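**Q** For reference, the structure I am asking about is given below.
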């Protein structure tokens, strides 16, 4: 795929690999810091005297801000460059968690959620940057490893946060530590080798024998420095804000008018499917099998750990499928549908454990494949915008899923997973109907390409 100005990569595979490993650390630190604080927030806002309704409104406010901001921030990162947008998002998120550490009133608590709700898109921009750096062939492998590193942080964070909250003023200390982790992350991003001395003139062909586990993109006249400086539209992040806003709106319009609706619809359906599966998991196990919430917690931790393993295994799996992302997504979605059906009809807890074991693999693979398919069909030149829109689609799913789950639970504890099966079948049908488009390599649907 040809590259526009600003969508460059390191000229040497070694430089690209070092950069990618640093981004794994960025993803780990991001979710490690967030997961230290998030499980404690409901307890803290309750201790401030907020009613459950007020707490719910503030929680919804965060989700709504994420819904509308993810597309704009992703598109903005395409325009001003990954370095400046990533630094801005990390630093402003750190500000939000710093205010949270001083939140002695409900008002301050609500204010602290505003910068985080708008700018907490570190992972999306990091994924866009990874997409800029590696070849399409290696993209699922790198994305899988990035998700695995981030998931490890998400698993360890609550343990550390739970320990810290036992101390005097534990929540405030935890929030300040989270803000400090974000500042550390900003320092790591700043020190990344954006201008490697060996990225200037080297030419590496796509078929050249690899010197590392990750292949740098071809057309290496476009370097990491280009990723820093932005796209063709704007050469500096300090250009007029009005110019940036107009360019952002133009790119969003191009996405809205493009032929990508079916991919985003598949993402929405599969997101709601997984959310419905998790929505009443603990309650359903207790009602159906008399299982205590502690066991449910252990089972979810077990599934999360397997998800990390699945991310690490994406390389061999994609090679097995000869890098056919569409076929891998179709099979993983079909497998997910079958496993949720098995869970919904399970007669013993052992069938639940079996379905949870394999669901950890199929859902992790499916999430990575849908992102790769978006970038392949939509064009890597607008990767930030595409990932931002995808994140907004997932946010819509998070809003819809609790409502659908509540309605389905009125009929049966198995209602949410049964509805999830139906939605997954619709997603599989859409993928089959549009098979020709997914299988076409190098398809770029945006109007300006």
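Heads up, the Cβ atoms here are built off N, Cα and C, so glycines get one too.
Bear in mind that the values here come from a model prediction, so they are computed numbers and not experimental data.
According to TrEMBL, the record shows the following:
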DOMAIN    19-439  domain 'Major facilitator superfamily (MFS) profile'
TRANSMEM  22-41  transmembrane segment
TRANSMEM  53-74  transmembrane segment
TRANSMEM  86-110  transmembrane segment
TRANSMEM  146-165  transmembrane segment
TRANSMEM  171-192  transmembrane segment
TRANSMEM  260-279  transmembrane segment
TRANSMEM  299-321  transmembrane segment
TRANSMEM  328-353  transmembrane segment
**Q** What parts of the chain pack near the transmembrane segment (260-279), using Cβ distances under 8 Å and only residues at least 6 beyond its ends?
**A** 333, 336-337, 340, 343, 359, 363, 366, 370, 373-374, 377-378, 386, 389-390, 393-394, 396-398, 400-402, 404-405, 408, 416-417, 419-421, 423-424, 426-427, 430-431, 433-434, 437, 445
**Q** Determine whether the transmembrane segment (86-110) and the transmembrane segment (171-192) share at least three Cβ pairs under 8 Å, counting only pairs 6 or more apart in sequence.
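**A** Touching, yes - the transmembrane segment (86-110) and the transmembrane segment (171-192) meet the threshold of 3 or more Cβ pairs under 8 Å.
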**Q** Grab the same-chain neighbours of the transmembrane segment (146-165) for me: Cβ-Cβ under 8 Å, and only residues 6 or more beyond its ends, written as numbers and ranges.
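**A** Sequence-distant neighbours of the transmembrane segment (146-165): 23-25, 27-37, 39-40, 123, 126-127, 130, 171, 173-174, 177, 301, 304-305, 307-312, 364, 367-368.
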**Q** Are there three or more C-beta pairs under 8 angstroms joining the transmembrane segment (328-353) and the transmembrane segment (22-41), sequence spacing 6 or more?
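**A** Since fewer than 3 Cβ pairs under 8 Å link them, the transmembrane segment (22-41) and the transmembrane segment (328-353) do not come into contact.
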**Q** So what's near the transmembrane segment (328-353) in sequence-distant terms, Cβ-Cβ under 8 Å and 6+ beyond its ends?
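**A** Long-range Cβ neighbours of the transmembrane segment (328-353): 140, 266, 270, 273-274, 277, 285, 288-289, 291, 299, 317-318, 321, 359, 362-363, 365-366, 369-370, 373, 414, 417-418, 420-421, 424-425, 427-428, 431-432.
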**Q** When you scan the chain for residues with a C-beta under 8 Å from the transmembrane segment (299-321), skipping those not six or more beyond its ends, what do you find?
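**A** Here the qualifying positions are 140-141, 143-148, 151-152, 154-155, 281, 285, 327-328, 352-353, 356-357, 359-361, 363-365, 368.
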